[in-house]
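Asker: This is the structure I want to talk about, given as structure tokens.
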Amino acid sequence: MAPHNDVEAFHEVLRSSRRILALCGAGLSASSGLPTFRGAGGFWRNYDATQLATVRAFKMDPGMVWLFYAYRRHLALKAEPNKGHKALAALARRNPDFLCLTQNVDNLSQRAQHPPSQLKCLHGSLFDIKCSNESCDWMQKGNFDDPFCAALAPASVDMPNGEPLPLLDPYHRVKHITEDELPKCPQCSSGLQRPGVVWFGEDLDAHMMMDISAWLRAQPVDLMFVIGTSAGVYPAAGYIDKARKLGARIVIINLEAEDEAEMFKVKPGDFAFGKDAAEILPVLLEPIIGKPNEEGEFEKP
Ligand code: OAD
């Protein structure tokens, strides 16, 4: 059997694969300059980023949680989709049987022209806004205001000459943002507006989950990409085992994928590439999407 990181052998498998699934995580957007959740990029001021992504944190200090998300919105708006997002979008255009599940909320896959029907944003979007009152169904799609509101302006500052943003320094005191300074829901007038992302302990969108289940049930899955994710957050990570049970070979693309401690995840017939997703995806997908043109775009078929 070919080694787990043999590109030629992977190309053979790709050419014979029709139904393809992908699960993407923060590592896909890392080379666009967006921080990941765990590891080096996982702290914001002195908060663990995963602790801020909770209803509890929002109830305790909505201003602080909003600052965190306002900063992520600003970064995502300034970032550009990378070759990894573009390669996946090109695969989707060429193969209608490719479905991409992303945990990312940064809108970069959409900006790379990934066909919407072939992209499921498991954890919502930074640019959707909803009401924090659970009994209110108000939602606004595609709000790209930056800053989101006047009180959150410190999160949207661009420092000259790459100097660090004061907001990111845990020793720099930030003015406490009160609830009165944050926008209220225009429908119920009582709840605060909040980011339309899924927080820990919250359910994923039921319709989206049903669509994904229907796709999985329809026919066997030939191949599944697991890209730039620590695959520790459920139900997202559960799709890896589901696809494996439906016959899929797994290809893991992650900086750590070939580390000794990670190799137990690579079963016989699977592939693992310990590379930057933005660099390796165009190489791996080349038999289907071709090479990028001079502008770095994969032309439409
Ligand atoms: P993590 O931060 O947990 O994992 C990112 C993974 O990407 C790590 O395994 C890195 O090794 C890898 N990585 C970093 N740079 C890379 C690069 N250039 N190319 C390839 N891989 C790279 O992020 P996620 O797995 O996406 O959920 O986190 C999952 C969920 O947990 C997020 O959607 C978010 C978070 O808390 C919610 O907010 C609900």
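Glycine is treated like the rest: Cβ placed from N, Cα and C.
Not measured: the values here are computed from a predicted model.
The domain 'Deacetylase sirtuin-type' feature in TrEMBL is assigned to 1-292. Annotated active site, proton acceptor per TrEMBL: His123, in sequence order. Per TrEMBL, Zn(2+) binding site is recorded for Cys131, Cys136, Cys185, Cys188.
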Asker: With respect to ligand 1, which members of the recorded positions His123, Cys131, Cys136, Cys185, Cys188 satisfy a Cβ distance under 6 angstroms to one of its atoms?
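Answerer: What lies within reach of ligand 1, judged by Cβ under 6 Å, is His123.
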Asker: Could you measure between His123 (active site, proton acceptor) and Cys188 (Zn(2+) binding site) for me? Cα positions, answer in whole angstrom.
Answerer: 24
Asker: Restricting to the chain of Cys136 (Zn(2+) binding site) and a gap of 6 or more, list residues whose Cβ falls under 8 Å of its Cβ, or answer none.
Answerer: Cys185, Gln187, Cys188, Ser190, Gly191
Asker: Hey, for the Zn(2+) site built from Cys131, Cys136, Cys185, Cys188, who else sits with CB inside 8 A of the CB center?
Answerer: Ser132, Asn133, Ser135, Asp137, Trp138, Lys184, Pro186, Gln187, Ser189, Ser190, Gly191
Asker: Would you mind giving the whole-number mean pLDDT across the domain 'Deacetylase sirtuin-type' (1-292)?
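Answerer: Looking only at the domain 'Deacetylase sirtuin-type' (1-292), pLDDT averages out to 95.
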Asker: Just going by other Cβ atoms within 10 Å, which of the binding-site residues Cys131, Cys185, Cys188 has the emptiest spot?
Answerer: Cys188
